Amino acid sequence: MAEIFRLFLNSYTFKVVTLGCTLLGVVSAIIGTFAVLKKESLLGDGISHASLAGICLAFLITRKKELYILLLGALIIGLLSIFLIHYIQLKTKVKFDSAIALMLSTFFGLGLVLLTYLKKISGAKKAGLNRFIFGQASTLVVKDIYLIIAVGLILIFLVILFWKEIKISIFQADYAKTLGINSGKINFLVSTMIVINVIIGIQIAGVILMTAMLVIPPVAAKQWSKKLSIVTLLSAIIGGVSGAIGSIVSTFDAALPTGPLIILVSGIFALISFLFSKKGIIARNYRIYMRNKKLRLEENKGDKK
């Protein structure tokens, strides 16, 4: 603990990286809350896996390793995958989850093929493309973190700005029409925010586990409340704390990838929620036990009469 405090005081890079991971955890949890409530949890998985192809294509075309160039390629492929998923769902009999699986496997397969090919190209190893698979915050430079922080704050601002519209569109789509709210545009906004959130987070969490940062915190938060504002707040807290702890641990041991550590901490929060919340396993079993006990007491009283 003393070493962490010393680093936080003296190391500018440590502070910036920790702040970036914490903010990413908060933003992912907030955006993920809407994805979970819209029953589009797997959408982030499809986007994150597809983004690997975009990263590899961006490097193949430009031969530059700057983060913003690689993420731009990932963003283009991510938006393309979103379009194709919804297009396939609307124009064919293929269901939404099947369309996601189709895009996920196709683009991820393309990404792996390109990644294997790029290993033979001079300079590809120095670009560190492999780090996008599992994520590693320690490889980030300060300007990369600034990019994540800036985009993260913009996403939070958009959520606050369109909170009412998003809330009504998710829970009362028909009522939204009477208020003049275009649910289609709001849903597109949410999907776009999911894409952007996934793209800025893949270098920290990795393409394989990025979707867990979107899904686990809101799922854990839903165990404690049904109110959207409370679920969103709890989700943000869980995501932020998980991001901070994962970042700190991976900073002390560079061999430990940041993404899996963040997900592990989130998973612990989810386990605690499943066990100890009002809707959790322990509370539910206790209620069943007390109800059965009350029934037995009433039966015993009846027998005595």
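In case you wondered, yes, glycine gets a Cβ from its N, Cα and C as well.
The transmembrane segment annotation in TrEMBL covers 12-36 (among others). Counting residues 6+ beyond its ends, the transmembrane segment (12-36) has Cβ neighbours under 8 Å at 43-44, 137-138, 140, 142, 144-146, 148-149, 152-153, 155-156, 159, 166, 170, 190, 193-194, 197, 200-201, 204-205, 210, 213-215, 217-219, 221-222, 228, 231-232, 235-236, 238-244, 246-248, 251, 258, 262 in the same chain.
Per TrEMBL, the feature transmembrane segment maps to 42-61 (among others).
Per TrEMBL, transmembrane segment is recorded for 68-88 (among others).
Per TrEMBL, transmembrane segment is recorded for 100-119 (among others). Taking Cβ pairs closer than 8 Å, the transmembrane segment (100-119) reaches residues 42-43, 45-46, 49-57, 59-60, 77, 81, 84-85, 88, 94, 125, 127, 129-130, 207 in its own chain, all 6 or more past its ends.
Beyond its flanks by at least six residues, the transmembrane segment (140-163) meets 12-13, 16-17, 19-20, 23-24, 26-27, 30-31, 67-68, 71, 186, 189, 193, 196-197, 200-201, 203-204 of its own chain at Cβ-Cβ distances under 8 Å. Positions annotated as transmembrane segment by TrEMBL: 140-163 (among others).
TrEMBL lists 188-216 (among others) with the feature transmembrane segment.
What TrEMBL records for 228-249 (among others) is transmembrane segment.
Residues annotated as transmembrane segment in TrEMBL: 255-277 (among others). Residues of the same chain lying 6 or more positions beyond the ends of the transmembrane segment (255-277) and with a Cβ under 8 Å from any Cβ of it are 21, 25, 134-138, 204-206, 208-210, 212-213, 216-217, 219-221, 223-224, 238-239, 241-243, 245-247, 249, 283.
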Contacting positions for the transmembrane segment (68-88) when only residues 6+ beyond its ends and CB under 8 Å are counted: 43, 46-47, 50-59, 61-62, 94, 96, 99-100, 102-103, 107, 127, 129, 132, 147, 191-192, 195-196, 198-200, 202-203
